[in-house]
Each structure stands twice: as C-alpha cells, then as structure tokens.
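Novice: Taken from TrEMBL, the feature domain 'ABC transmembrane type-1' covers A:91-302. Residues annotated as transmembrane segment in TrEMBL: A:36-59, A:90-116, A:128-150, A:177-200, A:233-254, A:284-307.
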Amino acid sequence: MSTDVATTAVPPQPAASARATVRSARMEGWRRRAPLLPALVFAILVTQIPFLVTLWYSLNSWNLVRPGSERFVGLSNYADVFADRVFRQAALNTVVITAGCVIVAMLLGIALALLLDRRFIGRSVVRTLIITPFLIMPVASALIWGTMMFDPLFGLVNFVLTPFGGGEYDWTSSAPLVSVIIALVWQWTPFMTLLVLAGLQSQGRDVLEAAQVDGAGAGRTFRSITLPHLRRYIELGVLLGAIYVVNTFDQIYIMTQGGPGTASSNLPFYIYQRAFLGFDVGQAAAMGVVVVIGTIVVATLALRLLFRSFAQED
Amino acid sequence: MATVDAVVGPRRRSAGLLTVLTWIIGIVFFFPVLWMVITAFKREADAYTDPPSLIFTPTLEQFRALFDAGAWPYFLNSLFATTVSTLLVLALAVPAAYALAIRPVKKTQDVLFFFISTKMLPVVAVIVPIYVIAGRIGALDNVWTLIVLYTAMNLPIAVWMMRSFLQEIPAEVLEAAAMDGATLRQTLVRVLLPMVAPGLAATALICVIFSWNEFFFSVNLTASQAATVPLFLVGFMTSEGLYWAQLSAAATLASLPVVIAGWVAQKQLVRGLSMGAIK
C-alpha cells in the first residue's frame with residue numbers, strides 16, 4: 001500500500017539507484033517476513049522436531065527401563081503394531097468414539113440451535129446453561145460422569161431410569177464405550193450448538209420471508225433453504241470436533257482406564273500405556289506415526305474446508 | 001382478521017410449548033453441573049443416598065478441607081502456566097498475524113496451512129520424544145516445560161484468529177495513519193491496538209480455556225512440583241473409593257474460572273472455537 005506509493009514515487013535514475021531499489025525491495029521483503037519468524041521458528045522447534053524424533057524412535061527397539069537396549073530395527077515396529085490385536089481394537093474404538101460423539105453431538109446441536117434461534121423469555125439464560133458443559137474442565141466432567149452420574153448404586157442416571165425398569169446397571173464396566181461417548185457428547189454438544197446457531201443467525205431474514213410468502217411450509221423452508229445454508233457450518237463443526245475428539249484422553253483415563261480389559265481403549269490411551277506404563281518407546285513411537293498418517297487424511301479435508309470458509313468471507 | 005387470529009392462536013400456543021421444551025432441555029443439560037455444585041455443599045454422608053436427596057444442611061467444610069489438603073500449589077501452577085503461556089502466545093501470534101493479514105507475504109496460504117497442520121498433529125505422536133528430551137535436559141516436572149508446550153498448542157489457533165480480526169481493519173485506516181506521518185510503532189499502538197482489542201480478548205480467552213483445562217501433558221510430564229489443577233482432581237481417584245462431596249468441591253473450584261470467563265464472553269467463544277471462520 002503505502003510502500004508501493006513510495007517505490008513508484010522514486011524518479012527513474014540509472015544503474016546505482018536500480019541496485020538500491022533491488023536492495024530496498026529485498027529489505028522490504030524481510031520487513032514483511034520478520035514479524036512472522038518468531039512464531040514460525042517456535043512452532044517448528046516445538047512441534048516438527050519432536051515428530052522427526054518420533055520417526056527415528058519408531059525405527060528403533062528401545063525400552064526405557066533397560067538402558068542401552070536401543071538398537072536400529074528398521075520397520076519391524078510397524079509390523080508388530082499392525083499385528084497387534086489390541087492396537088487394531090484401539091483404532092476401531094477411536095473411530096467409534098469419534099464418529100459416535102461427533103454425529104450425535106451435531107444432531108443434538110442442530111436441534112438445540114433451532115430451539116434457541118427463536119425469541120422467547122430467558123433465551124440468553126438457556127443458552128448460557130447449554131454452553132456450560134463445554135466450559136467445565138474435562139477432567140472434572142469425566143469424574144462427575146464416572147462417579148455421581150454412572151455409579152450403579154447412587155448414580156443419578158440409574159435413579160432417573162428406575163421408573164423405566166433400570167436397575168443397578170454398572171454403566172462404566174458393562175457399557176464402557178457408550179458411557180465414554182455419553183460424557184463426550186455432553187461436552188461437545190454445546191460446541192456444535194454454538195456453531196450451528198451462528199449459522200442460523202447469519203441467515204438473511206428476507207429469504208425466509210420470501211419463502212413464506214411463496215407458501216413454503218416450515219419443513220420445506222428448512223430443507224431447501226436453511227439446511228443448504230447451514231451446510232458449511234455443519235461441516236466445520238464436524239471436522240473441528242473430530243480433530244479434538246480423536247485425541248480424547250481425559251475421559252478414558254478417568255472413567256474406564258481403557259477397560260474392562262482393553263474394551264474401551266482408544267489410540268491416545270493405548271499409546272500412553274505403551275509409552276508410560278510399558279516404557280516401550282519404539283512401539284509407542286510407531287503407533288504415533290500411524291495415528292499421524294490416519295489424521296492427515298481427515299486433516300486434509302478439514303483444511304480445505306477451513307480455507308473455503310475463509311475464501312467466502314474474504 | 002378472523003382467519004389471522006385463527007392462525008395466530010395455535011401458533012402462539014405451539015411457540016409457548018417450544019419455549020417450555022427448550023427450558024426443560026436446557027435444565028436437563030445443565031443438571032450434571034448443578035448436581036456437582038450442590039454436592040460440593042454436602043457432607044460426605046449426604047452425598048451417598050438412595051434416592052439422591054436435595055434436602056440437607058449446606059456446609060462449606062469441603063471447600064475448607066480442599067485447602068487443608070494442599071490445593072494451593074496446584075492452582076498456582078495452573079494460574080502461572082495459563083497466564084504466561086497465553087501472554088507468550090499473543091506475543092508470538094500478533095506479529096505473525098499482522099504479517100499474514102496486513103502486509104501479506106508471498107506464501108501466506110502455505111504459512112497458514114503449516115500453522116494449522118501443527119494443531120492437527122496428534123499430541124500422542126510427540127509425547128514420547130518430548131518426555132525423553134525433557135528428561136535429558138532436566139525439564140521434567142517443571143512448569144516452564146508446560147508453558148512451552150501450551151504455547152505451541154495454542155499458537156496456531158491464535159494466529160488464525162488474530163489474522164481474521166486484523167483482516168477486518170480497512171486498509172484506508174492504515175493509509176490515513178501513514179499519511180499523517182505516524183511511525184510503524186505509533187500505528188501499531190495507537191491505531192491497530194484499540195481496534196483489535198476485542199479480538200485480543202477473544203484469542204486470550206480461547207488460550208486460557210485450553211491451557212487451564214489441559215491434562216495430557218500435565219499428567220505425563222509433571223509430578224509433585226509442577227502439577228496443575230487437573231492432577232489435583234485426579235488425586236481423588238483413590239483405591240479406598242471416592243469422596244464425592246470433596247471431589248465435587250474440587251471440581252467446582254477447578255472449573256469456575258473458565259466457566260465464568262466463557263459466560264461473560266459468549267460471543268467471542270464462537271469465533272474462537274471456529275478459529276475465526278465464523279463471525
């Protein structure tokens with residue numbers, strides 16, 4: 001902007017100033033880049049270098065409790081990982097937990113957003129109540145669900161279900177995945193609600209009124225106008241939610257410890273067990289690399305979407 | 001007119017029903033939180049009753065017991081790690097976002113792509129080397145290790161958010177400042193800063209939420225010295241069984257700062273959670 005004005009305003013002079021222009025252009029380039037560098041260098045140091053080290057570890061056999069056991073083994077850790085039944089189960093559980101949580105939370109989120117997108121008494125109070133589960137510390141929420149909600153004897157969930165024939169059902173041992181997903185849905189529904197609500201409120205009132213004038217009913221209007229408009233908000237919520245939920249650790253650590261057995265172990269929890277309870281650095285690293293490759297697929301989709309959202313705004 | 005009334009009648013009634021339904025859902029949704037707060041004011045004996053009871057004599061004894069049980073160091077560690085990492089994130093992210101939004105560099109898209117891809121890197125993929133390296137340089141159980149990691153964790157979100165806020169500033173404003181002979185420093189402090197203050201607040205809020213609530217790094221990299229609030233809560237998972245009232249008091253206290261911050265800044269929350277994509 002102002003710099004363009006400055007460079008073009010320089011009267012054209014021969015050789016010496018041409019070199020000066022080149023130099024000032026280069027300096028200008030650095031001036032533009034300089035503010036970016038600290039953040040960039042920091043991010044590379046703290047995230048990329050450890051990942052490279054993970055790659056290296058994954059090619060080694062190394063147990064932390066046996067000093068000097070480190071030796072290069074090539075891809076054999078990867079072969080072990082894929083042959084590991086528990087790893088495959090943890091991978092499947094990760095998919096079930098992520099998909100289950102994100103889909104249910106999104107459906108609930110859409111319903112709640114539609115209810116909140118009306119004028120009524122105490123609307124901001126109800127919205128505040130609904131966003132609160134997202135703000136509760138996840139460790140606290142996992143403890144509350146694991147104990148006071150799901151306890152077979154004194155838990156609120158069984159108490160509420162008593163009239164419907166619920167007995168002393170032991171949620172976290174008999175249905176560990178469902179219990180974890182319920183706690184996660186409770187935490188993530190507000191996130192989805194807020195995103196969808198923002199989408200609903202960005203809708204042009206005139207379009208909706210036009211539809212009404214044209215005689216479209218509420219259901220029709222929702223299907224052909226609101227839903228297409230909401231699409232990018234829903235996609236954004238699903239993908240951002242998935243990125244966070246894939247990494248779920250707190251709820252599993254606290255509510256089920258991955259159990260009974262390994263029934264509710266997901267990848268982050270299983271890798272944690274292998275690294276910090278089994279001290280098997282090589283295998284844990286190889287699993288980490290596999291998770292990253294899996295995440296890249298989802299992440300690529302998410303990034304495209306984010307860029308599209310920004311492109312529409314710009 | 002008669003037909004209009006006929007339409008409005010049932011519509012108003014169904015609107016009333018929807019309002020009641022919304023309120024009921026809101027309360028059901030909030031109930032676990034409410035139950036946690038209620039239980040925090042019970043004596044342990046009142047916490048385990050079948051059926052669960054709402055009639056009891058409220059007491060502050062659980063909160064008092066928390067501080068006797070040594071809650072302070074955990075809260076101070078969390079406060080320190082959250083505050084310092086949030087300030088560091090802003091110090092790194094604001095200049096970067098400025099470079100990406102106001103004076104875009106050639107590869108802006110690539111840089112943005114890089115930042116966000118670091119956010120998508122699962123933490124389990126880096127925890128092993130971080131643990132080993134921190135062990136070698138003697139940085140285990142050190143609150144500064146958490147600060148560095150929380151800064152890296154929140155930096156991408158902050159860069160994206162601040163960029164989206166900075167982009168909203170019309171170019172004319174900066175041009176006008178340049179015309180009036182303002183230096184870069186003056187432009188930044190006097191012109192830009194007041195305009196992006198709400199954006200800074202929103203970004204800080206998101207960083208505070210994520211670092212205050214963070215558990216994975218804390219549980220793996222700290223022990224007695226640098227442990228944060230989530231670890232204090234986990235301490236209640238003992239083999240002798242749980243003390244629900246005590247646990248509820250701790251969980252209430254641990255969640256309170258973020259809950260209040262989130263309630264106050266609901267608008268900014270949406271924008272932060274979508275990394276600035278939704279306004």
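Using N, Cα and C of the backbone, Cβ positions are placed for all residues, glycine too.
Each of the listed features needs to be described in terms of its position in the shown structure.
Specialist: Tertiary proximity for the transmembrane segment (A:36-59) is limited to same-chain residues at least six positions away from its ends with a CB under 8 Å from its CB atoms, namely 72-75, 77-78, 281-282, 285-286, 288-289, 292.
Long-range contacts of the transmembrane segment (A:90-116) within the same chain: residues 123, 126-127, 130, 177, 180-181, 184-185, 188-193, 195-197, 199-200, 230, 234, 237-238, 241-242, 245-246, 248, 262, 264-270, 294, each at least 6 residues beyond the stretch ends and with a Cβ under 8 Å from a Cβ of the stretch.
Long-range contacts of the transmembrane segment (A:177-200) within the same chain, counting only residues at least 6 positions beyond its ends with a Cβ under 8 Å from a Cβ of the stretch, are 93, 96-97, 100-102, 104-106, 108-110, 112-114, 116-117, 127, 130-134, 136, 138, 141-142, 145-146, 150, 171, 226, 229-230, 232-234, 236-237, 240-241, 244-245, 248, 251-252, 255-256, 263-264.
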Novice: In terms of Cβ proximity under 8 Å, which residues at least six beyond the ends of the transmembrane segment (A:233-254) contact it?
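Specialist: Same-chain residues near the transmembrane segment (A:233-254) but 6 or more away: 94, 97-98, 101-103, 105-106, 109-110, 138-139, 141-143, 145-146, 180, 183-184, 188, 191-192, 195-196, 198-199, 264-269, 272, 295, 298-299, 301-302, 305-306, 309.
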Novice: By a Cβ-Cβ criterion of under 8 Å, what residues six or more beyond either terminus of the transmembrane segment (A:284-307) are in contact with it?
Specialist: 51, 54-55, 57-58, 77-78, 80-81, 87, 91, 232, 235-236, 239-240, 242-243, 246, 267-268, 270-271, 274-275, 278
